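Pulled from Swiss-Prot, these are the features on record:
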REGION    1-27  region 'Disordered'
COMPBIAS  1-10  compositional bias 'Basic and acidic residues'
MOD_RES   Ser6  phosphoserine
DOMAIN    53-121  domain 'DRBM'
REGION    150-199  region 'Disordered'
COMPBIAS  188-199  compositional bias 'Acidic residues'
MOD_RES   Ser226  phosphoserine
MOD_RES   Ser380  phosphoserine
DOMAIN    444-612  domain 'Helicase ATP-binding'
BINDING   Gly457, Asp458, Thr459, Gly460, Cys461, Gly462, Lys463, Thr464  ATP binding site
MOTIF     559-562  motif 'DEAH box'
DOMAIN    654-827  domain 'Helicase C-terminal'
Amino acid sequence: MFSLDSFRKDRAQHRQRQCKLPPPRLPPMCVNPAPGGTISRASRDLLKEFPQPKNLLNSVIGRALGISHAKDKLVYVHTNGPKKKKVTLHIKWPKSVEVEGYGSKKIDAERQAAAAACQLFKGWGLLGPRNELFDAAKYRVLADRFGSPADSWWRPEPTMPPTSWRQLNPESIRPGGPGGLSRSLGREEEEDEEEELEEGTIDVTDFLSMTQQDSHTPLRDSRGSSFEMTDDDSAIRALTQFPLPKNLLAKVIQIATSSSTAKNLMQFHTVGTKTKLSTLTLLWPCPMTFVAKGRRKAEAENKAAALACKKLKSLGLVDRNNEPLTHAMYNLASLRELGETQRRPCTIQVPEPILRKIETFLNHYPVESSWIAPELRLQSDDILPLGKDSGPLSDPITGKPYVPLLEAEEVRLSQSLLELWRRRGPVWQEAPQLPVDPHRDTILNAIEQHPVVVISGDTGCGKTTRIPQLLLERYVTEGRGARCNVIITQPRRISAVSVAQRVSHELGPSLRRNVGFQVRLESKPPARGGALLFCTVGILLRKLQSNPSLEGVSHVIVDEVHERDVNTDFLLILLKGLQRLNPALRLVLMSATGDNERFSRYFGGCPVIKVPGFMYPVKEHYLEDILAKLGKHQYLHRHRHHESEDECALDLDLVTDLVLHIDARGEPGGILCFLPGWQEIKGVQQRLQEALGMHESKYLILPVHSNIPMMDQKAIFQQPPVGVRKIVLATNIAETSTTINDIVHVVDSGLHKEERYDLKTKVSCLETVWVSRANVIQRRGRAGRCQSGFAYHLFPRSRLEKMVPFQVPEILRTPLENLVLQAKIHMPEKTAVEFLSKAVDSPNIKAVDEAVILLQEIGVLDQREYLTTLGQRLAHISTEPRLAKAIVLAAIFRCLHPLLVVVSCLTRDPFSSSLQNRAEVDKVKALLSHDSGSDHLAFVRAVAGWEEVLRWQDRSSRENYLEENLLYAPSLRFIHGLIKQFSENIYEAFLVGKPSDCTLASAQCNEYSEEEELVKGVLMAGLYPNLIQVRQGKVTRQGKFKPNSVTYRTKSGNILLHKSTINREATRLRSRWLTYFMAVKSNGSVFVRDSSQVHPLAVLLLTDGDVHIRDDGRRATISLSDSDLLRLEGDSRTVRLLKELRRALGRMVERSLRSELAALPPSVQEEHGQLLALLAELLRGPCGSFDVRKTADD
């Protein structure tokens, strides 16, 4: 006989057997909401400590229990309030406990609850001091303390139901037709965006491939049925199996139907007095009735519900652990239907008149059936020599053709230099004595006697400005000044220019013409003979292309070698090999801090000369001192709490408050503030301008960043007017080689941007990370160069000890494609691995191999690692290889100018974007893009508008245009300079007749510059394989099926579109295919920030590689052989003609690369013109079934 008491006893025993936990449940822990529904400070602090709490909880339980997901052990129950949402998180391991969270959105409330749970886990010892995970063995030991051995949870994953549930879900899925796409832009997407970023998603086709289903297994007895219980033994057994049946039923129905309640689909009707008879009507998955009796109403209902649970399990709708399946598994039929739609090839519809034109062209200009696109390797007998490599040597100092000086001319020039030197006496006396001066003879003798010398000089010793002058002085005073031609490299443009100007001033008017500089977009070379040329490392690398042995150069000084940027490490490889070609050349490596013995060993044990520096006293303040000074005592506890963590978040308000405090109470003098990047610079600048208000005229706020042209950065060296305080906001660009004389205060955020490359995802990540101790020393030194100063470090003293001594060399943490290409230009006979193994720190062989493979994929290298004809052209263009390829193809496809603008804007963003105005910038970009679906064409229109207003010569019009379109004038000037430089590069690569043709609308190279689809297609051809296919439907990691959402698929896997690209919020996509330049990794997700919709026929016709065709004589499919991202279908004639058109375009590219483009025979030019006109018309036509609309959820 069944009784409620025996039922409760059995249920308690069952739970103890399952969990070994006492029956009483702990009271829920609540994350209290602040008044008004906002998140309280305590809640924010929890989320700062646990920024990704749901991931962390899943990881702990997953590792402890050996399962791939923890959905069964973490159950989120949602409650909608009037102003906010409440979530109760039920935790089933290691003990049963509940926590609550609140938020304006569902995901916010879930994260609050999860963060509170993380705090519990940490208190229980399940997380380390830095919230790190333990290994599985340790979790087993910890679990025993709770009476919950992990072994009892070590169960295999539940088997997926062996059937399709088409009839179980009444909701129908409406895909957008063949090739079509639907997407919800409604509330669900907005609320779940953060969930997507935190937990990841899987597209429908991937999910289906992961589920090993037997689709032929029939549904077991899914017809409606009624169970009249004459004895309740079956019900008692069912209740033992399902101790909480009503909860389980509700959860199953809610998950399967995506509803917040199960009341409408699960209804009880109970009658009787002494014996209660309960009838449960279940309307899901089909109408079913279950009847049970009991002494009380609750008992009868529980029995009926248990019978229902038993039935659902027999249908495969409950897993082997008596838990609900995922939402996706309940909707497997819809998933399969949608998956079939996604896999179906898209139909090609080419108008008949265009097909006839293609046939006519191919009949007139047939492509030989045996013709196969070659690898385009450079051959001496079938290609015009390209570039200056095959011509006369270039003078590294002046850039003119190199001709050695005749002996008589050398004597005359040396005598002239000696006379000029003697006349400059008073100017030299005015120069201040520097710590390096007493070591003059030691340094000069070492340089004279040894081919390589390392000079280690502390900050302020004068090595950068004085050693080049000392070399020139010795040569001139010994009567051999004409033989002294020194190239001094600097890591940054601003330091090359400023140091050259400083040295020129110190040498005086008579020798000023002997000092010059050369940086990207700006050059002022010195006169030859007795010359000092300051340049960036990249400039010297290009000079080595045209003069591999540096004939005519007496010394190369590599300054700031300790920074270990990738170009400097590459230069050292070349200079080491250069010693055999030019033994007279003297190499000087100068370093402020660093492992100088390492450089000495690299160059065979060369001497290291240490020069002490001079620094005025600098008083240092650390975070705890700064917070006390600012009266921010409430921050002290928080910062102490996070002291042991590696969090690199910068509080811009704190930076602003500190600068204002220094201004109000500190000593007079300039303030130099080191910030990680451009966004932080703009953020602090805007905050300062808002705080200063009407008094802004008393301050000179100057940003310093590589995005800003040189002419706009020179103001930092100028003395401000009396009563005006200079505030310089800079990245680490101002750390070395640049001295701003009036700086008294340095604010050091302790952070900088560092590029890191993920070999697995092949994605770069620009991360904000802690600087090294060497960086801290350099930054502090900027305050004590010319007077006593103060350094304010926005990190605690304890953080300084945890910082690494030196930065990781850039060559070990960045993509290597450009470096491998440079290696092939300088030493083509060596393999990439062989060449880069000679670096001071050689990169990972796998990283080098990946770079080689990518260059082979884009057609720059052949299988033997030789430059192809395309690679030979790319060698002249100073930008990333894929962007350079796009430029080369644009010259061939006669749409050059817009591609030059796009590449320049991808190098320097023209928009004045900041953390505060990102949404406004995105709106402007969308307007500029019109209906092109392209961030890149938005760049083109922005620059075109700027060029137009410049012609008006009306200042107010220019300012209005900049303000309305949120454009940044210095960046636009830089972009203009880049376009000019690229034009010169293209001319050097024999792709145009003269540089001015590149920007001339009437030139042949711009004949199709107005054809937007062609421009986007050519950009895609250069960036390929950077191609995205938009797919409908996704499944979250938690198993929720979202049919009206989209995923973005690349060759490497799924990515996300960043909010900054216009295609993220587009209400209509004309094409399912997007191209992009760069993907970046942030918080574990891979994002694309710039994208363009591309015509599917452009993808088919313009990409490299082979295509695969299946033809039954009537219909045919064509796809890319190296990717599953494009499958097209059409009638056999259309597919055949498109394949031949593709081959004709490949032949055109090959011909154009094998000779000077402007010198092609007129007949070939005519053929190419007809072909391009045909291509433009084809891409101008309608997309047909490629048209894609994003629709809102019903």
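Backbone N, Cα and C define each Cβ position, glycine as well.
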Taking DSSP states H, G and I as helix and E and B as strand, how many residues of the domain 'DRBM' (53-121) are helix, strand and coil? 29 helix, 21 strand, 19 coil
Which of the three DSSP-derived classes (helix, strand, coil) applies to Asp458 (ATP binding site)? coil
Within a 10 Å radius of its Cβ, which of these binding-site residues (Thr459, Thr464) has the fewest neighbouring Cβ atoms? Thr459
In the same chain, which residues outside the set Gly457, Asp458, Thr459, Gly460, Cys461, Gly462, Lys463, Thr464 have their CB within 8 A of the centroid of the CB atoms that define the ATP site? Leu434, Pro435, Val436, Ala592, Val611, Gly613
Comparing the binding-site residues Gly457, Gly460, which residue's C-beta has the most other C-beta atoms within 10 angstroms in this structure? Gly457
If you tally other C-beta atoms within 10 angstroms for each of the binding-site residues Asp458, Cys461, Gly462, Lys463, the top scorer is Lys463
DSSP residue counts for the motif 'DEAH box' (559-562), split into helix, strand and coil: 2 helix, 0 strand, 2 coil
Tell me, roughly as an integer, the mean pLDDT over the motif 'DEAH box' (559-562). 90
